[in-house]
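Below you will find the structure I want to go over with you.
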């Protein structure tokens, strides 16, 4: 072979379909396992749902314009760790679980009820089953890996044919060669092993694969001597290696990608040699061509995904659109949808291209377990993919013969099986998985055909799920911002705003802070702005909620400066603050004003204390202790009686400042030490903490404020990014907006005081990263346009208002279900002296109903339109219809005339007459 031969796949394009072609309204979940979390046959797709032990089942192709219906199959009493479809029977599914068993299921045709029990049960094993794969040539043979053991099963007898020699550590991956003769494994002991299971249980070959013991995978190429492995090197960089089993001491070639902590999922099509690499928790697919003969791993294309990938699978080659030159199709599993991503080779003609689509393995097995174990190496007959020459043989495995299925009845709670549901179109939005101790196993859940039972199974949906965020018109922007300080500490929001103005730290020396008037949008002058000069670098700043003209600024000199901005705005440079608070001995982290008491301010510092100040007196009144490391964030409870902190020492604390300087409660916080934030939610009954896990994945943790020691009630993993998510909570709607500095996406979740705790809503995405994102007071919202949140987005050179609205049909009515009475947050409920003396206040409430608008709850019901019988529409025609028919007839009559045209009778002139 010419090593410089040009590849026919060099122009391959990855195409993402429009959202209408996505399989939406799903609730996907991921388990801590080595599986891919989604698999496909030529007819069905199976994927992990957010209920432990439950799979979602959906047809691969839609029938006409009907929406694909998602059903749910309760498989196990614990997490489903891996799954696989038979290569010969599209409706035979095998599942592996953390309950240490393997089950085989006969799935019905679309429209029929799912089975209430498995067709076969294998196991139990000594550990949770991590890997599962059917044999490529023999029906009824499959391998499973659990702990350090790998078994090859004769499923017809429900007995293992052999158990391979024990590995040195956890088996992370296992795969059959294409001819079914060999079996390869990757292990946490960093060894890559090749077995001939029919010859001996010991490894025929073994070699060090990847220098790091993190998650490793392998897949075989179309040529049985070659395989591809993925893993990590000693520098924690992700790498891909191509191996030849005949020269197994070293890899033929290797490829280093990046230092992402996410393991790579290799998806290889043996016929084309195209290799797709997908990282869980990422939003990008890499496509390479594996060419063992050269040898090389040649890059083909990259695809940037619209959502985070939770799992990935290849669609069988027999299900591809060959006339459209679709050479590969990847199914991306995200939290809320399954996205089919097609890889096409551009060709000028619409025809079947033999060079792109060689014959592929058919769906009729070559042997059975007995014949294969006896030594048969007969291969599966290959079939043409040409639509005109394609045979359509059908094969039904004997492992789980089809039976006459009847709708399953609800099973009593506690049974390991019995989870079934009739097909129904899921219209509620997906809710991310909450992996906290409050979510128990769903193995005993039963369903009835009623929609109410289905909704109770799937959980509630948020009325804000269709929220729409949009940047307001440019006339409301403040532009030409220059010299912003983008290096404020991670504990600070970066800027602050109230209903009148915005305070933004500048990069210039002297700790300067610019104050911009929101009522005066437009382009700022090119000349220097009047500023507040603090003399030292600014670490945090906050507006007094009860005095819109007072700004508190914390500096690196451990001092807090209080500035008073004139009512008409800052007209000149101010160098003398109204007051200076001293007491901290180290740099200050953050500032938080009391939500109800006037002149009360809390501050945290590198001296590991939280101090509470009486601004009227200008002195420290209370000091909170007990922190052993950096304080990431603090927050007052809505009633102002308690204060919560989250710390780098991995602890979450609640204080009663007026009662004791020591914490009232302590509990485990986020595992990661990169940063965290805390906010009180659900009327002060819960604490929401945003932070990182041990793998640097951003996550949300929800704690009961009365039981911190018990750990989080729910945990939600989001994505991998370096910046801490900054939460902005709206107590009126129960919505939290989350984004980080440098992000382009704002997450929206509705928080519930019970399971499922998190209800996902539409997120807001911007084309470029923002430097800060702050929620404005509720009174800034345009209630008539059903605007439930107004925010400010800080960009590199501008400040933009962002409105979040809810689509409603009858906007002429006041949407009282969206706008309850709101707290008058700009009026104090008591003084600092009263609060420090032990008194508690209650805030006043204010209705947001505009004058002259009627609440939608009191709106008269619209009478349904009377519909005429269909015969009326068939027999009667309107005047407009009659006119259109007459014009069409006239045009048709004129168009059918074949008389010669006038210009046809004209005679031309000789060429010499033109001179």
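Just so you know, glycine gets a Cβ as well, placed from its N, Cα and C.
Reproduced below are the annotations present in Swiss-Prot:
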- 75-115: repeat 'WD 1' (REPEAT)
- 124-163: repeat 'WD 2' (REPEAT)
- 166-205: repeat 'WD 3' (REPEAT)
- 209-253: repeat 'WD 4' (REPEAT)
- 396-456: region 'Disordered' (REGION)
- 399-413: compositional bias 'Low complexity' (COMPBIAS)
- 420-450: compositional bias 'Low complexity' (COMPBIAS)
- 453: phosphoserine (MOD_RES)
- 456: phosphoserine (MOD_RES)
- 463: ubiquitin cross-link (CROSSLNK)
- 533-573: repeat 'WD 5' (REPEAT)
- 583-623: repeat 'WD 6' (REPEAT)
- 626-665: repeat 'WD 7' (REPEAT)
- 719-759: repeat 'WD 8' (REPEAT)
- 850-915: region 'Disordered' (REGION)
- 859-869: compositional bias 'Low complexity' (COMPBIAS)
- 874-886: compositional bias 'Basic and acidic residues' (COMPBIAS)
- 905: phosphoserine (MOD_RES)
Counting only residues 6+ away in sequence within the same chain, which have a CB under 8 Å from the CB of the residue listed as 'ubiquitin cross-link'?
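Listed in sequence order, they are 806, 817, 818.
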Quickly jot the same-chain residues contacting the repeat 'WD 7' (626-665) by Cβ under 8 Å, restricted to those at least six beyond its ends, or write none.
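For the repeat 'WD 7' (626-665), the nonlocal Cβ contacts are 490-491, 589-590, 592, 594-597, 602, 604-606, 608-610, 612, 671, 673, 675-680, 683-684, 687, 689, 691, 703, 705, 708-709, 724, 731, 835-836, 838, 840-841.
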For the repeat 'WD 4' (209-253), give me same-chain residues lying six or more residues beyond its boundaries with a C-beta closer than 8 angstroms to one of its C-beta atoms, as numbers and ranges.
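Those are 34, 169, 172-179, 181-182, 184-192, 194, 259-268, 270-271, 273, 275, 277, 279, 288, 290, 292, 295-297, in sequence order.
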Top stretch among 75-115, 166-205, 583-623, 719-759 for CB pairs under 8 A with the repeat 'WD 5' (533-573)?
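Per the Cβ count, the answer is 583-623.
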If H, G and I count as helix, E and B as strand, and all else as coil, what does DSSP give for the residue listed as 'ubiquitin cross-link'?
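Reduced to three states, the DSSP call for the residue listed as 'ubiquitin cross-link' is coil.
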Over the span of the repeat 'WD 5' (533-573), how high is the average pLDDT in this prediction?
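Result for the repeat 'WD 5' (533-573): average pLDDT 92.
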May I have the DSSP-based helix, strand and coil counts for the residues of the repeat 'WD 1' (75-115)?
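Counting residues by DSSP class gives 0 helix, 17 strand, 24 coil.
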From the DSSP assignment alone, can you count helix, strand and coil residues within the repeat 'WD 5' (533-573)?
0 helix, 22 strand, 19 coil
